[in-house]
Amino acid sequence: MLKLLSLMVPLASAAVIHRRDANISAIASEWNSTSNSSSSLSLNRPAVHYSPEEGWMNDPNGLWYDAKEEDWHIYYQYYPDAPHWGLPLTWGHAVSKDLTVWDEQGVAFGPEFETAGAFSGSMVIDYNNTSGFFNSSTDPRQRVVAIWTLDYSGSETQQLSYSHDGGYTFTEYSDNPVLDIDSDAFRDPKVFWYQGEDSESEGNWVMTVAEADRFSVLIYSSPDLKNWTLESNFSREGYLGYNYECPGLVKVPYVKNTTYASAPGSNITSSGPLHPNSTVSFSNSSSIAWNASSVPLNITLSNSTLVDETSQLEEVGYAWVMIVSFNPGSILGGSGTEYFIGDFNGTHFEPLDKQTRFLDLGKDYYALQTFFNTPNEVDVLGIAWASNWQYANQVPTDPWRSSMSLVRNFTITEYNINSNTTALVLNSQPVLDFTSLRKNGTSYTLENLTLNSSSHEVLEFEDPTGVFEFSLEYSVNFTGIHNWVFTDLSLYFQGDKDSDEYLRLGYEANSKQFFLDRGHSNIPFVQENPFFTQRLSVSNPPSSNSSTFDVYGIVDRNIIELYFNNGTVTSTNTFFFSTGNNIGSIIVKSGVDDVYEIESLKVNQFYVD
């Protein structure tokens with residue numbers, strides 16, 4: 001069963017024109033005077049998925065952690081004047097202490113011209129002042145530089161802006177642009193610091209940026225963020241769609257359980273694929289470290305100091321992951337995000353295989369970006385836009401439009417595709433801080449129940465908030481099914497005010513697929529928009545090649561995130577009920593007898609303080 005991770009850390013008036021020569025502090029002040037960030041949430045607006053109170057939002061940009069103030073910062077594509085995409089497009093800004101509840105900050109910066117866009121980019125912390133933008137008055141932990149795309153007059157170029165106040169206001173670099181290849185499809189730079197394997201190397205900045213309509217991710221290096229050298233390109237890999245967007249390259253922990261045999265004071269042997277290059281000795285130690293195929297591993301023995309047995313240990317190495325979004329042309333229609341697992345030597349990325357891997361198998365998960373840094377400098381955290389360009393401008397919300405996904409923690413793990421094949425996968429788990437959430441008394445557990453067609457279980461919520469988590473473990477008796485019968489386990493998430501509006505999700509044994517039906521709504525958009533796919537499914541193999549399946553879900557008013565098999569498969573989708581019709585009950589049923597057993601169903605409803 002998947003567990004939520006607790007993070008380990010101690011609008012604008014239509015008359016406002018966001019221009020470079022405008023005073024950004026004044027813009028922020030005016031925004032704050034016309035928007036009450038502490039006001040209660042709209043009835044259908046998500047509570048723990050970030051969304052601006054007003055205006056349009058799309059791709060996440062510039063994610064970083066302020067170690068001085070212990071604040072998390074996200075920026076995003078933002079048009080504050082209407083709930084649809086428009087120009088001038090700016091960078092919005094929000095801050096959080098816990099990655100769960102966000103404080104909206106308004107516009108961080110924007111382009112000079114009203115017909116221009118400050119398109120997507122990233123944020124770095126220039127600790128060592130390689131750019132020369134800072135002096136001793138700015139704490140090294142707050143020396144943030146934004147690298148972003150200016151889209152204007154048929155050209156896309158890369159720009160720099162820097163902040164002297166911890167990311168709240170920005171000054172544009174006077175010698176912009178820092179990269180111009182005479183292209184109208186050259187965008188979305190993601191920058192990180194590359195140190196290399198040699199701890200004595202000076203290191204340098206690395207940028208991935210999309211040459212969108214050529215299906216290329218260009219890889220540049222720089223000593224100072226201002227002067228860039230093209231090193232290589234990663235091109236025409238995986239699923240192309242119409243064009244590449246929002247690339248990113250990140251070093252991700254690789255975690256694998258394997259078998260070891262040992263005795264106190266002696267050598268250790270490992271059966272795993274990432275075993276030591278040479279013999280490793282220890283004496284009553286609870287942890288060791290080794291190198292395997294030049295991949296550093298930090299090993300923690302599962303039985304602490306009692307090591308005189310054969311048991312399991314957790315191998316932790318790393319691999320590099322190239323993330324590429326594409327739009328349109330996803331296999332589900334519209335927007336999609338894929339990734340490649342491989343190796344990076346500072347100039348070139350090489351995937352380990354030709355497998356195309358999709359980051360999320362739902363309809364509403366796009367443009368993932370990872371945080372530049374985290375408190376322990378090991379965790380890889382990221383956030384995506386929870387919408388789809390096929391219909392994002394038309395979804396029935398007002399005065400805001402669209403939300404972000406939950407923050408996720410990423411690791412590379414092994415995944416049983418079927419009983420004979422194991423592959424690597426980018427595993428993801430949601431990050432929420434429960435200290436920001438409180439139960440409202442609705443907590444329900446259902447255990448050891450065999451379903452039949454003549455009865456069903458009903459879970460009633462008290463004072464429905466529309467925000468809850470659920471964890472479902474179930475087993476399937478495959479010997480008792482007929483292939484001509486729709487053999488379902490179904491959960492109906494029904495609206496409290498109108499039960500004709502509901503989500504239906506569950507599993508069908510013949511197809512071995514988990515399904516979601518989001519089409520039962522009275523909202524015209526849901527019924528009439530042909531791109532708002534009503535019925536979706538994902539392959540859901542059992543856990544550890546057994547007959548037991550598990551799914552964890554978070555429902556947040558108009559969005560549902562599903563995590564299968566401890567996060568090896570995910571599906572993120574929006575849904576839309578009538579205003580204020582929060583989910584008030586869950587009905588569990590099956591159309592067949594003695595096929596499904598509910599081993600455990602746990603539901604907790606939350607308020608947000």
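Just so you know, glycine gets a Cβ as well, placed from its N, Cα and C.
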**OP:** Would you identify which residue of W389, W484 Swiss-Prot lists as part of the substrate site it also attributes to W56, M57, N58, D59, Q77, F119, S120, R187, D188, E245?
**Re:** W389
Original post:
Judged by the number of other CB atoms within 10 angstroms, which among N58, N135, N227, N233, N566 is the least packed of the recorded positions?
Top reply: N135
Original post:
How far apart, in Å, are the two Cα atoms that lie farthest from each other among W56, M57, N58, D59, Q77, F119, S120, R187, D188, E245, W389, the residues recorded as binding substrate?
Top reply: 20
**OP:** Enter the number of other CB atoms within 10 angstroms of the CB of W56 (substrate binding site).
**Re:** 23
Original post:
Other than its own, how many Cβ atoms are within 10 Å of the Cβ belonging to N477 (N-linked glycosylation site)?
Top reply: 14
Original post:
Quick one, of the recorded positions S120, N452, which Cβ has the fewest other Cβ within 10 Å?
Top reply: N452
Subject >> Among D59, D188 [recorded positions], residue with fewest other Cβ within 10 Å >> reply: D59
**OP:** Can you grab the distance from N227 (N-linked glycosylation site) over to Q77 (substrate binding site)? Cα atoms, rounded to a whole Å.
**Re:** 26
